[in-house]
């Protein structure tokens with residue numbers, strides 16, 4: 001093959017390879033020769049935070065989800081707003097992100113950078129991925145190896161969040177469409193939704209289901225009657241907007257498959273939870289994972305690994321921030 005033919009072939013190959021370069025850079029043990037103890041450093045910080053407050057667990061997991069769904073897994077959700085820019089974290093959909101998640105990443109970054117060999121060598125995006133994994137395993141969920149090698153994003157705007165995060169009132173088609181936009185299947189969506197097995201929600205997020213669902217049915221008929229009564233007791237009309245309740249009423253501090261058992265009983269807190277059981281397209285998956293904790297955990301590992309590959313920044317598309325809350 002002549003030089004021209006070879007050049008043409010390489011150009012064609014580059015076109016097909018470019019979209020894959022970001023996720024292809026990711027690999028397990030990425031920091032083995034850069035910062036060999038990084039995973040244990042992050043894990044120790046998460047454990048210390050967890051011992052202080054359980055909120056660390058759902059806060060860190062949710063922070064990871066909200067980061068990846070907006071501009072990819074690039075730590076853009078960690079950026080603080082400035083006089084000239086309203087950042088992602090200050091969009092209304094992110095205002096409910098608990099401060100403990102941000103604090104976990106900040107402290108983990110400080111601990112990593114306290115090691116001279118590691119200073120400014122590990123991205124905030126990777127620290128968030130490791131911290132989320134540790135939060136899952138520490139609360140009873142599966143332990144798994146994470147792929148690393150992300151760079152931190154160079155942009156964070158509140159405008160970029162609009163329409164990118166799932167809403168509590170979504171139906172199955174809306175959920176599938178939003179997850180598909182991130183390269184995730186319906187199976188991935190159902191597995192990742194089970195993160196609602198830990199964590200909290202403010203009453204206003206589901207008030208319509210227990211008070212004014214429709215003219216003929218003030219209470220959503222897909223909601224378990226006893227559970228609806230309990231929710232009304234915990235969330236009376238005009239409740240303090242800061243009041244939050246457990247999303248899983250049975251085992252709220254354990255990352256388990258109870259989420260799916262709850263759906264079978266009509267105890268999904270959000271419409272977007274309960275629809276996974278009421279819609280025939282997804283019910284069989286719910287039933288399968290309600291029956292087998294092992295099958296759910298394996299599916300969850302697959303799906304959260306795929307989530308971690310979304311929109312990964314490489315090369316000139318990102319850098320490693322010295323401060324996770326500010327651009328370099």
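Glycine is no exception: its Cβ is also placed from the backbone N, Cα and C atoms.
Residues or ranges marked as active site, proton acceptor by TrEMBL: 66. Marked as Ca(2+) 1 binding site by TrEMBL: 67, 70, 72, 74, 76, 88. As annotated by TrEMBL, substrate binding site applies to 166. Per TrEMBL, heme b binding site is recorded for 196. If you look up TrEMBL, you'll see 197, 248, 256 marked as Ca(2+) 2 binding site. Residues or ranges marked as disulfide bond by TrEMBL: 35-118, 68-73, 124-324, 203-235. Feature annotation from TrEMBL assigns domain 'Plant heme peroxidase family profile' to 25-328. Feature annotation from TrEMBL assigns signal peptide to 1-24. Taken from TrEMBL, the feature site 'Transition state stabilizer' applies to 62.
Rounded to the nearest whole angstrom, the C-alpha distance between residue 72 (Ca(2+) 1 binding site) and residue 62 (site 'Transition state stabilizer') is 14. One residue stands out among the binding-site residues 72, 166 for having the most other Cβ atoms within 10 Å of its Cβ: 72. Close to the recorded Ca(2+) 2 site, the chain also has 194, 196, 198, 250, 251, 252, 254, 255, 257, 258, 259, 262: residues not among 197, 248, 256 whose Cβ is within 8 Å of the site's Cβ mean position.
The recorded positions considered are 68, 70, 324; of these, 324 has the fewest other C-beta atoms within 10 angstroms of its C-beta. All protein chains considered, the CB of residue 124 (disulfide bond) has 29 other CB atoms within 10 Å. Annotation for the binding-site residues 74, 88, 248, 256: lowest Cβ count within 10 Å of the residue's own Cβ, 256. Separating the Cα atoms of residue 118 (disulfide bond) and residue 256 (Ca(2+) 2 binding site) is a whole-number distance of 34 Å. Put plainly, the disulfide-bonded residues 35, 73, 118 were compared by Cβ crowding within 10 Å, and the winner is 73.
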